[in-house]
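Here is the structure we will look at, set down as structure tokens.
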Amino acid sequence: MSNTWVFIMAVMILGNFILQMLPTSVFIPGVIIVHLLILLFSYILLKRDKFSDIRANMLFIFGLTVINILVDLNIMSQSLSWIAFGALLMWSMLGGGSSKND
């Protein structure tokens, strides 16, 4: 694992900490804004790493962001989110979204 992914995980942990501190009156827009900021910071970190495949990594992070937003807003159940995460992980491990496949 490269240092870029360690920084991305740190941004995700910080974002989840911020989500825990949100008051309920601004929870729905707060969830969307925080997750989109995590996506933006992940893009910035991946853009700086010249050895990573930015397209494949961003597609994976975008999938995680969508799953996280749906779970945080109670649109998707926790058990279904694990199935979706497993499918996303398998897709990524089998080369989905890789620039080398195009």
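A Cβ is built for glycine as well, from the same backbone N, Cα and C atoms used for every other residue.
Sequence-distant contacts of the transmembrane segment (5-22) (same chain, six or more residues past either end, CB-CB distance under 8 Å): 30-31, 34-35, 37-38, 41-42, 45-46, 61, 72. Annotation comment: TrEMBL describes 5-22 (among others) as transmembrane segment.
Look at TrEMBL and you will find 28-46 (among others) tagged as transmembrane segment. Beyond its flanks by at least six residues, the transmembrane segment (28-46) meets 4, 7-8, 11-12, 15, 18-19, 22, 52, 54, 57-58, 61-62, 65, 68-69, 72-73 of its own chain at Cβ-Cβ distances under 8 Å.
Among the features that TrEMBL reports, transmembrane segment is placed at 58-76 (among others).
According to TrEMBL, the feature transmembrane segment maps to 82-99 (among others). Nonlocal intrachain contacts for the transmembrane segment (82-99), taken as residues 6+ away from its ends with a CB within less than 8 angstroms of a stretch CB, comprise 53, 55-56, 59-60, 63-64, 67, 76.
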